[in-house]
């Protein structure tokens, strides 16, 4: 269906009136390509949020999920994607060693090829480092302007996104003729939790990859922190430390508290710059955006750039010795006290996680 | 080798932005403007590469109204050799989108023929995080985004980039020419010294009109409204840990 429309669009390209008419009719047909990430044979939670965003665009959206990579984990993830959401009508699998790592160059070519064949009205990725790396490059190849970090969908082409570190919300309308490409903020779209009907499994299709060209970049390695803590972006409880912790040794107190609460550990830029924790724990405009049920900030002053990453948390607790710290303006519960005394007391009084 | 650095003039990062009552944007009149912090890091990295002897010239470029020349002066004062200013007056309802900026920078890059283009990871006003990736796509060059370490091998014409990704640090190797966007950890930008500020006044800023580059600057995005985020209801200051635990258990019900 979409392919027929795209063909008609091409035939009509010589006639301006026809082009306008066909483009208008193409706009009515909502279909979405979700670029999904997977790990260990499962679609990542951030990509499940992208599926929820696709549903927000249109209740009768027809969603194709694109997975790339190689090996058994890819095909296991494809099986997961096929039954991950009722709107999924197709899973596209791109099996190639060139896509085994998240290099933007081959991935953007893949995305362009799939879009040109599928003629989707929307292309959605999550605002992960992978999505932010890939989507603008693919959009440039398709000559369209993408929308970054969408937090709400008002109409199929009207979106809300934060600007100025979340201190302003901008409602934009996409008026282009090409596909509407967007990255979505995972914390703004909750993945569907209703049990999937076992009978609803989408077909899985292999993507023809003959277009892939010789790469100008090579992947070398990934250095990651081994941790048993939950993923910062998805944890229901986040415990964050700032400059006030004063040393990496003291951050272990925070990790003990996180252990008790089943929480993830976050940090401010000052704590990362000082070397207390690695940079992937940073919360803020530059780091991760989180919206947990409970966000506890210890020794955090509450700079604009940090608030950008956690202001949407349901309950915010702040512990700071400075009563004038900006963090208290957004905190639901504040304690003006020495954070080490508070941490000691919390560690004593909170029971071990069941 | 020549390095091209793109810089942007934005509302200073320490300013608390105020949304205009008419909902058409944020107040920018009488507001302090500065170089985007990520662009400062990009300029600094280009200068360090030149000081390490792997680059011969650093060219700073910006797209914007006449006042954007101030930002180029800052880059020149930090040590850039010369600058290119593509003049474009903004329209708030039809913002200059990263795609248009990338097309303009592509035209500049084709003229200047740099071996490396460095941009900031994102501008702190629109928070788009798009321009560098789009530029690389348009040029069909490899990209190293969110860089926290850059090593150039001019003999092999390759750049090794360590980049900040969600799970840690990823290392990739790019064939030159390439596009790199900078993350916070890449370096600490220097301050311009007064003598360098004075010297910068005599450095050349070449002015180009956007139309002269033959770039299509259509805008596919219409700004419908800008408003403030919902305000959080005021919190309370508690007196002790016991009270905090009681609130979290019984009032907020998150423990």
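Just so it is clear, glycine is given a Cβ too, placed from its N, Cα and C backbone atoms.
Automated prediction, rather than curation, is the source of TrEMBL annotations.
Annotation source TrEMBL lists domain 'Electron transfer flavoprotein alpha/beta-subunit N-terminal' at A:32-216.
Shown in sequence order, A:266, A:267, A:268, A:269, A:272, A:288 are the residues of the chain, 6+ apart in sequence, with a C-beta less than 8 angstroms from the C-beta of residue A:282 (FAD binding site). TrEMBL lists A:243, A:268-269, A:282-286, A:299-306, A:320 with the feature FAD binding site.
Neighbour counts were taken at the CB atom with a 10 A radius for the binding-site residues A:243, A:306; the maximum falls on A:306. Within its own chain, residue A:300 (FAD binding site) has A:240, A:241, A:242, A:244, A:268, A:306, A:318, A:320, A:325, A:327 as residues 6 or more apart in sequence whose C-beta sits under 8 angstroms from its own. By a Cβ separation below 8 angstroms, chain B lies close to these of the binding-site residues A:243, A:285, A:300, A:306: A:285. For residue A:285 (FAD binding site), the count of additional Cβ atoms within 10 Å of its Cβ stands at 24 [all protein chains shown]. Around the Cβ of residue A:303 (FAD binding site), 20 further Cβ atoms fall within 10 Å across all displayed protein chains.
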